[in-house]
């Protein structure tokens, strides 16, 4: 469900924020001069969706860390009832952290240096507040990635000695009689399935953590600019590069999903097949109607 929330945030960024970001870079302040409400709307959507994407990435990192470190506790925490609640938490955090910006720090406006609609980045309180929120998210993500990676490394060493015997355990379970195989003390097939599932979870988690790390690196220039632009003058080119790179992350996420998991590849394949099949059916219906 965290991936679903991240996908929703990515759709908002790619469909709403990125086009206006490009318009701000190409046309400048002239485009938003008579569109104050539009700029406020774009800035609000940008902050909520980008902040939500950050926290979704953090949620994924923590989720994988719990799965790797304590699988039993993971199954208790993330159920069909609790998972939607966890997926909704990033949106709540994004909205709650946006409220002080509108109440105390003047809302959203077009920034000539960043060439996009954001909060007042020159205002120290708002800048430090947003920077602190993002630093908490990034720090939690990095800690989760490091802990999960260390745990994966330890589990790989344990499973290296067990994995060669999985096929032997399957053969033993199939050769055993039904009465003996159903006995509680002779459940080699169940043990083999659990081991295979654990190996698959570790491989999936490792790829997902790599994707999370890449996503954090994509936003790193923007975060560095926010935190240190009072000290250093980066110029408009760096700001444009940082924001455009961050807002293009949704497109890169799609590629990461395809690389990370076979289930995403299968889902994309089924979706494309469904679209083209529906299109062919419509064509056949049109031909039949004309005939």
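Along the chain as shown, residues are numbered 1 onward.
Positions of Cβ are set from backbone N, Cα and C atoms, glycine also.
Quick caveat, the model's predicted, so the values are computed rather than measured.
Looking at 12-34, 173-195, the range tied to transmembrane segment in TrEMBL is 12-34.
The domain 'G-protein coupled receptors family 1 profile' (1-257) scores a mean pLDDT of 77 in the predicted structure.
Counted over residue pairs 6 or more apart, the CB atoms of the transmembrane segment (208-232) and the transmembrane segment (83-108) come under 8 Å in fewer than three pairs, which marks the two as apart.
The stretch with the most CB contacts under 8 Å to the transmembrane segment (12-34), chosen from 40-62, 83-108, 128-150, is 40-62.
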